[in-house]
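Undergrad: My questions will all concern the structure given below.
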Amino acid sequence: MCKKNILSNIKKKKINLLNFNLKKMINFFIKIGEKKFRAIQITDWIYKKQNIKFDQMSNLNFFLKKKLNNIAVIKIPKCIKKIKSIDGTIKWKFLCNKEFIETIYIPEKKRATLCISSQVGCQLKCNFCATGQLGYKRNLLVSEIIGQIWYVINKIKKYNSKKKNFPPIKNIVMMGMGEPLLNLKNIIIAIDIILGNYGFNFSKNKVTLSTSGIVPAINKIAGKIDISLAVSLHASNNTIRNKIMPINKIYNIQLLLESIKNYLKKSSANKGIVTIEYVMLSKINDFQHHAIELSNLLKNIPCKINLIPWNPIKNSSYICSSSKNIINFANFLRKKGFIVIIRKNRGSDIQAACGQLIA
């Protein structure tokens with residue numbers, strides 16, 4: 001296709017450059033008759049200088065600025081609401097093409113974690129999760145995934161320029177709305193931008209993808225994406241997992257554990273350790289025999305276990321395990337040699353905690 005036809009096609013709908021990693025950005029600039037170094041300049045402006053306005057990019061000439069303004073845009077999701085928890089957690093609500101998503105900023109003393117969404121809603125229907133109750137609407141575009149990070153980083157810098165003390169984002173977790181591995185194509189591109197020197201330049205050890213267990217996708221990314229992996233297990237046997245996580249009827253625990261082993265063989269992120277997530281549900285999965293089953297399941301898998309006190313959601317009959325039961329569960333696993341963390345409850349007063357996102 002000649003350059004003229006490409007430009008005429010592009011004019012019909014402006015292309016959002018935030019959907020491109022560096023490779024795709026280079027291809028775009030070559031197709032419109034520009035040198036590939038222009039792609040490096042643009043990504044530098046977007047991610048290093050936090051500027052998305054072509055007219056303010058001082059190393060672009062007048063004619064290139066005019067061309068880009070005619071055919072392209074750098075567009076992030078529109079933030080329509082910000083809510084702050086009593087514990088400092090912040091929830092941002094974004095408008096993405098008439099749909100809503102949520103992003104969570106979780107500050108500690110010297111660093112913060114950003115929890116981002118990958119889909120509008122979720123099709124997995126885990127019955128202890130508000131997002132699962134919402135149902136699935138669509139996958140997020142790369143620009144909508146990356147835009148969450150760009151927006152919050154930009155906001156934190158602005159807050160701190162006014163002498164407000166917001167710790168910088170050091171960790172990215174894909175634990176927001178949706179199942180990342182069911183939006184695999186866009187997630188792969190987004191991860192490239194998150195890790196790339198040209199992009200946000202996060203360490204692979206500081207980026208975590210959380211999955212409910214899409215076994216073929218875990219096997220597919222093994223050796224191709226080297227970031228920390230977290231797996232939402234939430235049960236010690238198939239009977240319980242079938243009831244609370246319908247995906248288990250397709251990919252059961254045994255298949256899931258094999259895919260985890262395969263991933264870890266090909267990953268060096270997080271020292272080759274997977275994070276196992278386990279929501280604590282009273283009288284469902286929190287008895288000692290469940291802890292025994294869990295320890296037997298995981299004895300040959302390098303892992304740390306996150307025990308997650310269940311956060312209340314509407315239209316659910318579940319009850320969170322008592323603090324005593326959670327501590328006893330954790331101590332049993334620790335005696336078996338596991339690293340166990342009881343996750344802190346952050347942002348539950350603004351429905352920003354694990355399992356509460358519903359936009």
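Any Cβ shown, glycine's included, is placed from N, Cα and C.
Pasting the relevant annotations from Swiss-Prot:
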- Glu102: active site, proton acceptor (ACT_SITE)
- 108-351: domain 'Radical SAM core' (DOMAIN)
- Cys115-Cys354: disulfide bond (DISULFID)
- Cys122, Cys126, Cys129: [4Fe-4S] cluster binding site (BINDING)
- Gly178, Glu179, Ser210, Ser232, Leu233, His234, Asn311: S-adenosyl-L-methionine binding site (BINDING)
- Cys354: active site, S-methylcysteine intermediate (ACT_SITE)
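Could you give the neighbours, burial and distances for every feature on this list?
TA: Under the three-state DSSP scheme, Glu102 (active site, proton acceptor) falls in the strand class. With a 10 A radius on its CB, Glu102 (active site, proton acceptor) counts 23 other CB atoms from all the protein chains.
Taken residue by residue with DSSP, Cys354 (disulfide bond) is part of neither helix nor strand, so it is coil. A 10 Å cutoff on Cβ-Cβ distances gives Cys354 (disulfide bond) a total of 24 other Cβ atoms nearby, all chains included.
For the recorded site, Cys122 ([4Fe-4S] cluster binding site), the DSSP three-state label reads coil.
Note on Ser232 (S-adenosyl-L-methionine binding site): other Cβ atoms within 10 Å of its Cβ, all shown chains, come to 27.
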Undergrad: Measuring Cα to Cα, how many angstrom lie between Asn311 (S-adenosyl-L-methionine binding site) and Cys115 (disulfide bond)?
TA: 16
Undergrad: By a simple count, how many Cβ atoms lie within 10 Å of the Cβ of Leu233 (S-adenosyl-L-methionine binding site), its own Cβ left out?
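TA: Around the Cβ of Leu233 (S-adenosyl-L-methionine binding site), 28 other Cβ atoms lie within 10 Å.
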Undergrad: Quick one: which of these recorded positions, Glu102, Cys129, Ser232, Leu233, His234, have their CA within 10 A of Cys115 (disulfide bond)?
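TA: Of everything listed, what lies within 10 Å of Cys115 (disulfide bond) (Cα to Cα) is Glu102.
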